[in-house]
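Undergrad: Handing you a structure now.
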Amino acid sequence: MGYPPPMDQNALKKQVGEAALKYVRDGMMLGVGTGSTVNFFIEALAASRIQLKGAVSSSEASSQRLRAAKIEVLELNDATTCDVYIDGADEVDRGLRMIKGGGAALTREKIVAAASRQFVCIADGSKLVDVLGKFPLPVEVIPMARSYVAREIVTLTGGQPEYRIGVKTDNGNVILDVHGLSITDPVKLETDLNQITGVVTNGIFARRPADVLLLGTPDGVKTSKA
Ligand SMILES: O=C[C@H](O)[C@H](O)[C@H](O)COP(=O)(O)O
């Protein structure tokens with residue numbers, strides 16, 4: 001006996017999900033992301049006494065969880081803006097730029113993030129990287145353009161796009177995951193990929209990075225600001 005057992009990834013996700021409550025106040029319009037880390041945040045929010053004005057959700061899955069927690073979910077068009085957006089990431093760098101979309105929710109996430117005053121990213125320590133791209137980059141594509149877009153991505157990036165078989169986004173589109181990238185200029189690649197006809201959006205969040213990163217580590221939650 002002596003040393004406590006190491007914290008597993010889920011314990012670290014729970015830790016940051018709970019820590020994110022600090023950024024949420026009564027009367028706020030809250031943007032809510034998608035994924036296992038956000039699910040811990042929704043649990044913590046449901047158990048808290050915080051009375052929101054409402055929430056805007058980035059996926060059908062998160063909307064269901066919010067409603068189950070008796071939190072009113074509004075359309076972004078009705079809410080107009082969100083005070084804070086809380087979401088996870090598949091990778092995040094020290095400039096608080098991210099890769100997102102491992103759960104196929106990237107487009108709605110990017111929209112809600114864009115319409116929010118503050119973006120708080122919550123992630124376990126394994127998500128922190130020096131250079132984005134080890135995690136295959138998700139790109140949401142209009143179904144009929146899939147092969148064309150895949151060829152254009154090869155030409156543009158040299159990466160290898162892989163069709164995420166059996167997955168349809170909440171917007172009715174498909175996902176290409178691009179392997180083999182080392183993204184040294186995330187703003188440029190985010191912009192360039194979005195110029196390919198048939199791309200809805202890609203999972204680089206660099207033009208609108210997070211404002212705050214809460215990183216779960218065995219030594220506690222580490223906070224970084226942009
Ligand atoms: O599409 C999914 C989202 O971008 C998630 O935020 C991302 O995949 C991280 O998910 P998790 O918290 O489950 O690691």
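The backbone N, Cα and C atoms fix where each Cβ goes, glycine too.
All annotation found in TrEMBL is predicted automatically rather than curated by experts.
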Undergrad: Which of LYS70, LYS127, LYS134, LYS168 shares the substrate site with THR34, GLY35, SER36, THR37, ASP87, GLY88, ALA89, ASP90, LYS100, GLY101, GLY102, GLY103 per TrEMBL?
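TA: So, going by the record in TrEMBL, that would be LYS127.
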Undergrad: Given GLU109 (active site, proton acceptor) and GLY102 (substrate binding site), what distance in Å do their CA atoms have, once rounded to a whole number?
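TA: Cα-Cα distance, GLU109 (active site, proton acceptor) to GLY102 (substrate binding site): 12 Å.
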Undergrad: Taking the recorded substrate site as THR34, GLY35, SER36, THR37, ASP87, GLY88, ALA89, ASP90, LYS100, GLY101, GLY102, GLY103, LYS127, identify the other residues of that chain whose CB atom sits within 8 Å of the mean position of the site's CB atoms, giving them in sequence order.
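TA: Sorted by sequence, the hits are GLY33, VAL38, ALA105, ALA123.
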